[in-house]
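As recorded in TrEMBL:
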COMPBIAS  615-624  compositional bias 'Polar residues'
DOMAIN    24-118  domain 'Ig-like'
DOMAIN    123-220  domain 'Ig-like'
DOMAIN    227-307  domain 'Ig-like'
DOMAIN    312-394  domain 'Ig-like'
REGION    545-633  region 'Disordered'
SIGNAL    1-20  signal peptide
TRANSMEM  511-534  transmembrane segment
Amino acid sequence: TLRMLLPALLVLLFCFRGRAGTSPHFLQQPEDLVVLLGEEAQLPCALGAYWGLVQWTKDGLALGGERDLPGWSRYWISGNAASGHHDLHIRPVELEDEASYECQATQAGLRSRPAQLHILVPPEAPQVLGGPSVSLVAGVPANLTCRSHGDARPTPELLWFRDGVQLDGTTFYQTMLKEGTTGSTESTLSFMPSRRDDGATLVCRAQSQALPVGRDTAITLSLQYPPEVTLSAEPQTVQEGETVTFLCQATAQPPVTGYRWAKGGSPVLGARAPMLEVLADASFLTEPVSCEVSNAVGSANRSTALDVLFGPILQAKPEPVSVDVGGDASFSCAWRGNPPPRVTWTRRGGSQVLGSGPTLRLPSVGPEDAGDYVCRAEPGLSGLGGGAAEARLTVNVPPVVTALHSAPAFLSGPARLQCLVFASPAPEAVVWSWDEGFLAAGSQGRFLVETFPAPEGRGGQSPGLISVLHISGTQESDFSRGFNCSARNRLGEGGTRVSLGRRDLLPTVRIVAGVAAAATTLLMVITGVALCCWRYGKASGSFSEPKNMVRIPGSSDGSSSRGHEEEETGSGEDQGPIVHTDHSDLVLDEEGALETKDPTNGYYKVRGVSPPTSPDSRVTSLQPKSPGIFNLP
């Protein structure tokens, strides 16, 4: 039943209110308001169906019910009270007016919502530290500080501008004086000044909601910078030996205080002016000339290299090359010149061009490629420079052994055999060998080996070696057998056969034969004379004694066994005397002279026998060694 009565009660209440009239209410309530300091603030308030007392409160404090608000000289209430308008005015607005305001209908018990009054304080013109002209050094990082003082509300923003363009790279700081208030604000601009910034104008602007256009403070930059240098050479391209003039120009703030010149990093002594004259040479191509200019801020330098024309200069000689036979060989040499020289390769003693450029390559070299190779550069345009450099190619091959001429030797005398060895690399040893032995160095019995460098080597090979085999007291076998001279290196072995020639005693034999013939002739003469004398004596009977017989011992018929009687009676007169000559009685002494043996075995003393030199030659004397034997005239 209660649920059914509730709608009826609501209808009755509505009807009752309609008969009683409309209750007081707000037609307009105040809103939050922002006002510049010194301007006028107006907070609206309008009531309907209310004709009673209306008052304003500030932070809860009642300002009063009168329209002119006594005690508040800058405050008043405006509007038609009969129509319910009760607007609060404040002029000029001060900082103390910033508060929360309410409009109240006290008799109706109505209160408006609070309205916050905000006071805006425009910023003052900022201050740039060091202004209005700030001195900076080009190339040195700089910090410009802009500071804003006062009670600006809200806190202003500090911005930097150059030529109307806002600059980046700023840092913002705030300094708090007390709680809720700002003492000052700062903005720092960091940048790297350059010479182009000299005389530039920078603007620091403080702007906020209170002053959107902001307030500006301008400064002028005064830049100090080290010298900016330009260096020129006249002429830039020059022949070696010609004069070149260098000119060093600079702008600087503060002014230039000095000049210094250098070439290739080494100071040019005595050069202190902005101009330098030199004689150009090849070194200027790689050793630039530099000019250093100084002032109170710093220094700067510039350098330039000349285009110097010069003839070829040898920078790197070719190096000797050693290659095994069949391998590839290459030589390199470096010539420097401007313009670059033409480099050719030839073989020493030849005119054929084997290649051009800094490198010569020889594939699959053989022994015939060994030799000296020449790297040549032609003189430059000036006719100066140029030349040649050479290097040797050694082709490594097995040893090549050659027999050298050896003099013939006498039997039982000394002998000397020689061989010549060329090898690259050098042989490990040179060995002489024969039937019963071998020898590489030192002595062994009758044999001695010596090895020494040859006076000259083959082109492109290591110096040769001469190995000598000495033989003392030669034997018959030495002349019939061969001697081997051999050598070995890491590439192989080589050798040759050397024979010993024999020296005959032919001239001596001829002398001995001549002497023997002379002796034979002499004996025949003696025999003839003796025979004649014997026949003469027999005929005259004057030769009856045995002492008239001439006896020549050494005959080959064995007549020595005959008796004395046979000799005295002359029973053998038909046979005549028998004379023999034996050339073996002639021997050769060490000096090569001929010595004659006594054919009578001492029966006669033969003083001297020599071959006849003329038809008148004769035996000088024969002396008997015992009585009964006569000297023949």
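Glycine is no exception: its Cβ is also placed from the backbone N, Cα and C atoms.
TrEMBL annotations: computationally assigned, not manually curated.
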Study note, to complete from the structure: On average, residues of the domain 'Ig-like' (123-220) score a pLDDT of 85
Review point. Residue counts in helix (H, G, I), strand (E, B) and coil for the domain 'Ig-like' (123-220), per DSSP?
Key: 3 helix, 62 strand, 33 coil
Practice item. Over the span of the domain 'Ig-like' (227-307), count residues by DSSP class, listing helix, strand and coil in order. Key: 4 helix, 48 strand, 29 coil
Revision key, fill the gap. The DSSP breakdown of the domain 'Ig-like' (312-394) into helix, strand and coil residues is 3 helix, 44 strand, 36 coil
Point to revise | Tally of DSSP helical, extended and coil residues in the domain 'Ig-like' (24-118) | key: 3 helix, 42 strand, 50 coil
